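Pulled from TrEMBL:
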type	residues	note
DOMAIN	17-132	domain 'Acyl-coenzyme A oxidase N-terminal'
BINDING	Thr138, Gly177	FAD binding site
DOMAIN	302-463	domain 'Acyl-CoA oxidase C-alpha1'
ACT_SITE	Glu448	active site, proton acceptor
DOMAIN	486-643	domain 'Acyl-CoA oxidase C-terminal'
Amino acid sequence: MEGVDHLAHERNKSEFDVDAMKIVWAGSPHAFVVSDRISKLVASDPGFRKDNRSTLSRKELFKNTLRKAAYAWKTIIDLHLSEEEAAKLRFYVDEPAFTDVHWGMFIPAIKGQGTEEQQQKWLPLAYKMQIIGCYAQTELGHGSNVQGLETTATFDPQTDEFIIHSPTLTSSKWWPGGLGKVATHAIAYALLIVGGREQGVHGFIVQLRSLEDHSPLPGMTVGDIGMKFGNGAYNAMDNGVLRFDHVRIPRNQMLMRCAQYTCLCMPSDAKLILEPCILIRVSQVTCEGKYKQSDVPRQLVYGAMLYVRQTIVADASCALSRAVCIATRYSAVRRQFGSQNGGPETQVIDYKTQQSRLFPLLASAYAFRFVGEWLKWLYADVTQRLQANDFSTLPEAHACTAGLKSLTTTATADGIEECRKLCGGHGYLCSSGLPELFAVYVPACTYEGENTVLLLQVARFLMKTVSQLGSSKKPVGTIAYMTRVEHLMQCRCGVQRGFAELSADLVEAAVAHCQLLVVSKFIEKLQQEIPGKGVKQQLEVLCNIYALFLLHKHQGDFLSTGCITPKHAALANDELRSLYSQVRPNAIALVDAFNYTDHYLGSILGCYDGNVYPKLYEAAWKDPLNESVVPDGYHQYIRPLLKQEIRTARL
C-alpha cells in the first residue's frame, strides 16, 4: 500500500490550476521557488527529523533542539544561504527554539531602539551568532501592563553605570524564550531611575552568561520555568526566569535611540480614552546623570511593534492552513456510515455537517493569507512615512496590526482545535500532528499583546473616529466606511466617561471592524489580475464563504440592528450550502496549493498520499511503551494483583 496515492481520485476532480494557486498562496513566483526548494531541502535531510519529538523526555527534547539549531546554522553557512533563504529554513525546521527570539526580537530591538554606535557594536556579533540574545520584558507579576514592571535600573553617576535590580519576587523576569539555558545576552526592560526620579520603562542590553564557560555572571539567578502545555511543542523552548541582584552595566548599554512602554489602565478621563494607549519614552542619560529627550521622533518606536504583529498575522495563516490541510485530507480518506447494498461507506467530507465546519476554516486560511500580505504592505508604507516624519497613518496602522493580531490568532487557535475534532478520535493522537500544533500555536493569543487588551486599543481608535464624524476631519483608509453610515453623522459619540463599563460591547465592535477589514482585503485581492485556469473563480467562492459564514455566525447582531431581514438570513444560509458544494470537488487541490511537505505537516492523518491506516498502525509499534511485550512493572504491580498477592507484595 506504501506509495499509492489514495487521494488521486480527489485530485483529479480539481477544476482549477493547482500550480497557479500555489504561486498565489506563496505571494509571487520567486517566493514560491524559494519556499519550495527550501522546504524540500529540510524534508530530505534526516538531520531535521521530528517524528519522534512527542516521545522524548524534556531533557532529550531540549538537547535535540539545540542540535537542530546548530545543524541549521551549519547548513546556512555551508550552503551560503541568503537571509531570505535562511529565514525559510528556520521556518520549515518547525521547532520552537532560542533562535526564534534571537532573530525575531533581540536583533530587531537593537535595530529599532539602539543608537548607531550600539548597532555597530552589537549587531555584527548577533548576526554571526557570537552572542545569543533574548527579550526579557514580561515579569512574574506583570505581562500586558508593561508600565507596571518592577525591575529597576538606577543610574550611578560615580561609576557611569546602571544598577539593574529585582526588588521583589514578582519582579523576576518570567517567560522569555531562550533565557532559561541558552541566551548570553538579553534586552531587559526596567524602570529607569535617575537622580531619585522615575523616568519610565527603558530597554538595556545585559550580558547574562560568561562567553567562556556559559555560567551565569555574578548577580544573576537564571533558569528554566518548567514544563508547558502539550507533548513536545513549546517544551523545546527554554522559557526562563531571571532575577538581578544589583547587577552593574555600562551606561552605553541602555538603548538610547528610543524606548517604549504600554499603558493598559482604564482612565476615566474622556480625552485619555480617545488617545492611543502606547506611551513613549525617547530619551538619553548623560554621563553627568542628566535625563534628556532624544532628537529621534518618538513615533519611530512603533516600527518594531508593527513589524512583530504583522509577522504574527502572516504566521496565523500558516498555522491554520496546516490544520485545515490535515483535516481536509483525512476527511476525504475517512469513511463512516451510509453504506448501501454492501458498497463503501460515505466519505466524511461529503457530509454537510462536516463541510459547514471545515470549509469556513479553509476560507479563513486564505483570507488571513491575503490580509497578511496587505499588512506587510502597510508596514512597509508606514515605515517609509515615519522615516520622512509623516505620522498621519500611524494610528490606523497601530489599530490594524493590533486588531488583526487579535482576530487572526484567536480564530486560528480555535480553528486548530476544531480541525482536531473534525478528525474524530484519531485527531487526539500525537501522530495526527494537531495536538502539538495547537500547543505550539495557542501562546500567540497572549504574547505580543493579550488579545482582549488589543481589541480595547482598537475600540479606542474607533471611538475617536466616531467622535470626529461631522467635523472637517473625514475618516479615510480602513475606516472610510464610516462616512457611508448616514445616521452616525447625526449621532456623534456622547460618551464622556465609563469606558470600562462598556468595554465588553466595545470589544465586539472592534472584532466586527477587523472582520470587515479581512473581507475587504480579500475582495481587493480578487480585483487584481490572477492568472491560472479557474483560480480566481475558486478564490471568489472562498471569499463569499468567509463573508457569509461571518454573517451566519453573527446573524443575531445583524438582525437586531436591522442590517438584514430574516429572509436575508435564510438566503445567506442557502447560498452557503451552495458554495460548500462548489468547494467540495476542489477541496484537496485547495489544500495541496499550500505546498506543504509531509515533513513540515508532521501528520499521518494529513499525509499527501492518504495512506493513513497502515502508517498509523506502523507508528503505534514505534512507541517506547511497545519496546517490550511485558511492561516494566508487571512483576511489581500487575502480577500481585492478578495472583491476589497484593498484601504480601513490596509496593
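Cβ from N, Cα, C; glycine included.
On a predicted model such as this, the values are computed, not experimentally measured, just so you know.
For Gly177 (FAD binding site), the number of other Cβ atoms no farther than 10 Å from its own Cβ, over all displayed protein chains, is 26. Remark: secondary structure over the domain 'Acyl-coenzyme A oxidase N-terminal' (17-132) totals 91 helix, 0 strand, 25 coil, with classes taken from DSSP. Separation of the C-alpha atoms of the residue listed as 'active site, proton acceptor' and Gly177 (FAD binding site): 13 Å, rounded to the nearest whole number.
Across all of the domain 'Acyl-coenzyme A oxidase N-terminal' (17-132), the predicted model scores a mean pLDDT of 95. Other C-beta atoms found within 10 angstroms of the C-beta of Thr138 (FAD binding site) number 19, with every protein chain shown included.
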